[in-house]
Amino acid sequence: MTHLFTHINQDGKANMVDVTDKNTTQRQAIAQAYVEMKAETLALILNGQHHKGDVFATARIAGIMAAKKTSDIIPLCHPLALTKVEVELVAEPEFNRVRIQSLCKLSGKTGVEMEALTAASVAALTIYDMCKAIQKDMVITQVKLLEKTGGKSGHFTSQ
C-alpha cells in the first residue's frame, strides 16, 4: 500500500494542503504529555511552595495560548479559529509525574490534532521551565494524540 505525504507536492516540495473544497465538519482532538520528576519537586508544586507561583495555572494558560498560535510555529499548519481549548493537569504522585491532557475543537475544514499536541507539549515545557531551577533532569514523555474526530479520515483512537 502506498502512503502519500499530504504536505509534499508532486515535485517533492513542501506545501500547505489546499482545504478549499473540503466540507466543514465538527472536529476535535485530544492529546497528552507527561512530565516525570522527583517526588520532592512534585510536592513543591502540589503544596503551593514553588517560588515562581502556581505552576499548574501557568502551564494551563501556556498550553491554551500555544494551541492558538500553532500555525505560527508549525510551518504548514493552517491558521484556525478554535472554538474550544482545554488543558487539564493531573498530578500522579504514585508515578512521580504530571499528566497533561489537552482538547481542541472547531467547526472547520481541517483537523485540530497539531493544536492539541502543541497545547500538551507547551504545557509540559512550561512545567519544565518553571521547575528547572529545582530539578534539571525532569523528563517530558509520551506526547501523543489520544483521539480525533471529524473530517474525511473519521474517528481515530490511540491504542
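Backbone N, Cα and C atoms are what each Cβ position is placed from, and that goes for glycine too.
If you look up Swiss-Prot, you'll see ASP129 marked as active site. The annotation substrate binding site is assigned in Swiss-Prot to LEU76, CYS77, HIS78, MET114, GLU115.
Looking at GLU115, ASP129, the recorded positions in this record, the fewest other C-beta atoms within 10 angstroms of the C-beta turn up around ASP129.
In this structure, LEU76 is the one among the binding-site residues LEU76, CYS77, MET114 with the smallest number of other Cβ atoms inside 10 Å of its Cβ. Residues LEU76, CYS77, HIS78, MET114, GLU115 are the ones the record ties to substrate, and the longest Cα gap between any two of them is 12 Å.
Just so you know, the Cβ of HIS78 (substrate binding site) picks up 15 other Cβ atoms within 10 Å once every protein chain is counted. The two recorded residues, CYS77 (substrate binding site) and ASP129 (active site), show a Cα separation of 26 Å. Here the CA atom of the residue listed as 'active site' lies 27 Å from the CA atom of LEU76 (substrate binding site). The distance from the Cα of HIS78 (substrate binding site) to the Cα of ASP129 (active site) comes to 28 Å. In this structure the alpha carbons, written CA, of GLU115 (substrate binding site) and ASP129 (active site) are 20 Å apart. Across the structure, ASP129 (active site) and MET114 (substrate binding site) are spaced 22 Å apart at their Cα atoms.
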